[in-house]
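Feature list (source: TrEMBL):
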- 191-205: compositional bias 'Low complexity' (COMPBIAS)
- 150-235: region 'Disordered' (REGION)
- 38-57: transmembrane segment (TRANSMEM)
- 63-85: transmembrane segment (TRANSMEM)
- 92-114: transmembrane segment (TRANSMEM)
- 126-143: transmembrane segment (TRANSMEM)
- 240-256: transmembrane segment (TRANSMEM)
- 285-306: transmembrane segment (TRANSMEM)
- 318-340: transmembrane segment (TRANSMEM)
- 346-366: transmembrane segment (TRANSMEM)
- 378-397: transmembrane segment (TRANSMEM)
């Protein structure tokens, strides 16, 4: 069956969104971002500015507080990244919240839960189910890839993993580096997206007040690790349970961040006369982005208060310009996702946009940064990529049927 104009627009928006989510952290690959809080604030500020532009472009539509709630939910999920990585590591954490995010978003539209109406019936639902299952399996294959960066001795992070494509995060240190050192300073930042694991943050030269891993800090860390007894098994299990639960919560927040604006759009579609709300998805971008920025601003304020209470300075590294560029790219991806949702459905867009950014991130890692090497890694990468692309084809075909 030939594609309609709406279908073509929707799939194009999916591709644009996936490329942006898979590439938006490339501008900050070699930029020091401290513990990630200031970076995230600057990045979401750029997202807010982009929302202002869309608001003017759309003719200043009505501000929707409910849509703002969706942005706040996303920002709340985003701040859980650091404790998740600290307790269970990025690999497991990303796999869990990426999978939960995709399934929650898909199920919201497919079954009409969490405040939204069911998506229009698919032409071939079994193709959609098969595609979602294949996309889920590809995440597990991709998580087994090892990068030269993650195994190296520097201060770089690992390869892009998972693929939820949803998040504003800063480059992260290897999982072996403590997020919070004994003197209370952070030694890592936030990171959850595929390409954010491409980070090559040089912390050897970073000032100690930034939590840098300079020679003195590395020596102190090594001494602490050598002298510290192994934690009790019960404590380790409790930490893992906490981190795993937090990952599920983060995935739920990511997965429902479009539900509040979609709930209002569904109400508008039921209004037959004198509509109060708009049916145009782009009319909700500004409200959504306001929620992201304002919630992040509140969390940053809390972070500053906590740092001051501990007698420490909030980390504000020189990363404003790269963070803004990264934020503009992320915002373009999120705007494209709004368009894709309106032209297709949650059942189609969530699995696709949750899968393709991983392929994009992998291409950056292999072709540009050389972070993934070795025959075994290449085999896993190809297998995962083929699984994802095949899943996307199945999901696309499911809309109108064979």
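Cβ coordinates come from backbone N, Cα and C, glycine included.
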Hey, would you say the transmembrane segment (318-340) packs against the transmembrane segment (38-57), going by three or more CB pairs under 8 A that are 6+ residues apart?
yes
Cβ pairs under 8 Å only, please: of the recorded stretches 38-57, 285-306, 346-366, which one is richest in them relative to the transmembrane segment (92-114)?
346-366
Can you find at least 3 Cβ pairs under 8 Å between the transmembrane segment (346-366) and the transmembrane segment (63-85), where each pair is 6 or more residues apart in sequence?
no
Excluding the flanking five residues on each side, which residues at least 6 beyond the ends of the transmembrane segment (285-306) place their CB within less than 8 Å of a CB in that stretch?
37-38, 40-41, 44-45, 47-48, 50-52, 54-55, 58, 61, 63-76, 78-79, 168, 257, 261, 314, 331, 334-335, 338
